[in-house]
Amino acid sequence: MSWFIRKDKGIQTPTEMKREAPDGLWYQCPNCKKVMHTREHKLNAYTCVHCNYHEKIGSDAYFSILFDDNQFTELDATMISADPLNFVDTKAYPDRVKSTISKTGLRDAVRTAYGPMNEEQITIACMDFGFIGGSMGSVVGEKIARAIDHSLKTNTPFLMISRSGGARMMEAGFSLMQMAKTSAKLALLAEAKIPYISLLTDPTTGGVTASFAMLGDFNIAEPGALIGFAGPRVIRETIGKDLPKGFQSAEFVLDHGFLDFIVDRKDLKDKLSSLLQMLK
Ligand SMILES: [Zn+2]
């Protein structure tokens, strides 16, 4: 196997001769480890073409998937968090917010907007997990409440896309108040008979599950999403029993009657439109 043995030692390839794939050209699925072109992945609504794994995406991607030609008007785009409790953990809370803003380009963990979806107006609030774990602080609650007000004022259906670790610890009690505030606003929406659809994505937990995420006229979820209140470890330790297989997956939660249906992200826009058509 002489051809296999490197006879010349110290062969150097000049930098200009090296071929590199530009960053971000390929996407590797974290579930099946297969590789696909990022463009193909994006065209597939950020789901794996091999195993249908739904990549965790943010408001930018959901807005471009749902609004016609990515045309929408954002509401309260500049609202940012205050520091009512002068909270300090490993970092002061205002510093954490500031560094997260510059890292993510987002102002807080939810963005709200309205625009056409299959030529029908809709108001959408979409959470961003990248912003302090999609945690619900005062800004999240306030923006959702105002988006619901916009739905009420314009008589347009409201879609909430949740992806959250729950309440924002740095705002403690102020965070928990958002559960009551958003729930009260949703009650007004129900009174006005305006449809509210809640889409639960991976993961939807804590105070978000315990308030607006489970209050939809339809509660729907993406395949494989983790949905629960407390995490599996906490529950296992509390009840002192092993948990069933697939516990807290969207499929498990659907089987136990907490969801209306699971929707593949590629069908999301059309399914939402036909659902809203039926509710008219
Ligand atoms: Zn895959």
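Glycine residues also receive a Cβ, built from the backbone N, Cα and C atoms like all the rest.
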Given ranges 29-51, 121-143, 144-166, 190-212, the stretch to which TrEMBL attaches the annotation zinc finger: 29-51
Cys32 (Zn(2+) binding site) CB neighbourhood, other CB atoms within 10 A: 13
DSSP-assigned states of the zinc finger (29-51) in counts, ordered helix, strand, coil: 6 helix, 4 strand, 13 coil
Binding-site residues compared (Cys29, Cys48, Cys51) - the one with the fewest other Cβ atoms within 10 Å: Cys51
